Amino acid sequence: MAEAWQPTDHSFDIICRSKDHPDISKQDCASPSPTECIIDSCSEIIPGPSNQDAAVPKDLLVNGIIVLTDENSVSDTIDQEASIEENDVPQPVNICASFCSTPKSSLVRRSPAEKSDYIECDLKKRKLDVNDARPNKRPLVPEEEHNCLSPNTQMIPRASTLTPSNRWPVIPTKDNPPTEMPNWLGQFTRWSNAERIMALTELIDRCVPTQVRHIMQVIEPQFQRDFISLLPKELALKVLSFLDPPDLLKAAQTCHSWKMLADDNLLWKEKCREVGVEDVPARRVITRVIKIKMSPWKAAYMRFHDIEMNWRHSPIRTPKMLKGHDDHVITCLQFSGNKIVSGSDDNTLKVWSAISGKLMRTLSGHTGGVWSSQMSGNIVISGSTDRTLKVWDAESGICQHTLFGHTSTVRCMHLHGNKVVSGSRDATLRVWNIETGEFLHVLVGHLAAVRCVQYDGRLVVSGAYDYMVKVWKPETEECLHTLQGHTNRVYSLQFDGVHVVSGSLDTSIRVWDVETGTCKHTLMGHQSLTSGMELQNNILVSGNADSTVKVWDILTGQCLQTLSGPSKHQSAVTCLQFNSRFVITSSDDGTVKLWDLRTGEFIRNLVTLESGGSGGVVWRIRANETKLVCAVGSRNGTEETKLLVLDFDVDNNSNSFIMR
């Protein structure tokens, strides 16, 4: 019995009868090309031959491509394409189902000319995009596909891409939405808010990343609103007040309305207050520095910022050198306005111009070395080893009063208003009226030399070599409290009206309550004498002979920062000053250093003496917003005694500011 031929996965005997191809009765279909052929309309599928001698189908469907070829073409690989078994009845083949499942390896028999044409066509086809795989690319039209094949090859469109117009599918648009969308949107609008949220959540969960990205691109612009311009001015300014000045400057560049708000004068006044700028500089100073129109308080802040950058980063200008005390020691230093007053053990005080650096006048009259001084405006008070105090007019150089009463060196004093309190090695304190030169009160109670004193106009606080700190009421000459606890000499004091802070040779610093006289904190950490302290807003900075500087919170007793590290001083700290941003310290090692108050980081050296380490010393420093005055010299003649004045003011030609 003759064996019947049965179609396999690799070969099908298919007869397609189509209204578009009435002459086609039986076609072989095969193609190794990656481009899919389109079946137009296949109305009938007929099983292959049942005769043993039946020829292997001439046309194969491969990868969805129907290729019509000659009957004479022969393929050497046809033996691998068919499997024939006896008595098997071939079943009808659904051409649409097998359309995309036929392997590429199936080949058809072709003539040499057709093979050459086909290979050339195939190479062209591999460079083209498959329409279904790359939907964003321009689809191939049937004419282009047909032109790529050999003359003997015909193409039939794929059925899956048919549209009502028998053309390519239409991409949905807003004007041509899918037919189901209006009903879908109508249902969505009928849901409650909770149902809509749930539907959106479920919808997003079913989206692929590209669709989620599209949702983001649609939604993000809905939140891009200029709410600052929409708010009332008062509320908009309140919002902007939370920005730092650098961010305010950036906001001013956004648009005209934001610039008007960000340049508000009261807004910048608050920013100035936050950094300690209390006054608007003189108009001539502002116009000298800023050439553009802006609010006065903004100009004040910008100038403040530029000066800070000069302290931190700008190259240090060559300092002015003020010489006049020969080789003597500068024992005290005052700096007020544009005047510098230096006192020395050469029995004189000298008044200098901080602007020009010229010596304005010498205050002569003491018969002993000057060891203490105070200054307010043009009034200078000095204390000497000759046991007297003198009141001077710095402008004229006239000694207005000589105050007698102490029986030993006047070692310390503190001026408040028109009264000065002096402390002496005779263990007493005296209160004077500097306007009249009248002696007012004497405070007796210490058992050794008084080394430091503070006066706030109400109470007097004194520290002495008897290890005691005393609180006095000067009007009654009464000692309110004797603060006991130190075990060695008291060398330094600070008093803010509420707290008394005392530093001693016993290495400790004590914080006292001035009303009760109780010790609130004992600040431990230094290893030697606390030689200098300064207190502002409950922040204490202390310098010590152990070469370190510490920053404390006197309310908690906590050490906030220790200014040390590789760049620390190499010898005892002699003097210090600080503000809300910097700490400036001087030392016996001949340097003046700048530190960041908040972080404790070393910024840079402001002064470095060549004789540092071999005798050069910085004895005293005084600073204001733009200038630093240093009293330098030596005890062995290695460094000439002089004053160095460093200027950090803005350049006269500067007209721009950079917020860093």
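Backbone N, Cα and C atoms are what each Cβ position is placed from, and that goes for glycine too.
Residues or ranges marked as region 'Disordered' in TrEMBL: 133-181. Per TrEMBL, compositional bias 'Basic and acidic residues' is recorded for 133-147. Among the features that TrEMBL reports, compositional bias 'Polar residues' is placed at 149-166. Residues or ranges marked as domain 'F-box' in TrEMBL: 225-271. The repeat 'WD' feature in TrEMBL is assigned to 336-362, 363-402, 403-442, 443-482, 483-522, 523-562, 566-605.
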Pull the DSSP breakdown for the domain 'F-box' (225-271) and write it out as helix, strand, coil residue counts. 33 helix, 0 strand, 14 coil
Which bits of the chain, at least 6 residues beyond where the repeat 'WD' (483-522) starts or stops, bring a Cβ under 8 A of a Cβ in it? 448, 451-456, 458-459, 461-465, 467-471, 528-535, 538, 540, 542, 544, 552, 554, 556-557
Work out, from DSSP, the number of helix, strand and coil residues along the repeat 'WD' (403-442). 0 helix, 25 strand, 15 coil
As a quick check of your reading of DSSP, tell me how many residues in the repeat 'WD' (523-562) are helical, how many are strand and how many are coil. 0 helix, 24 strand, 16 coil
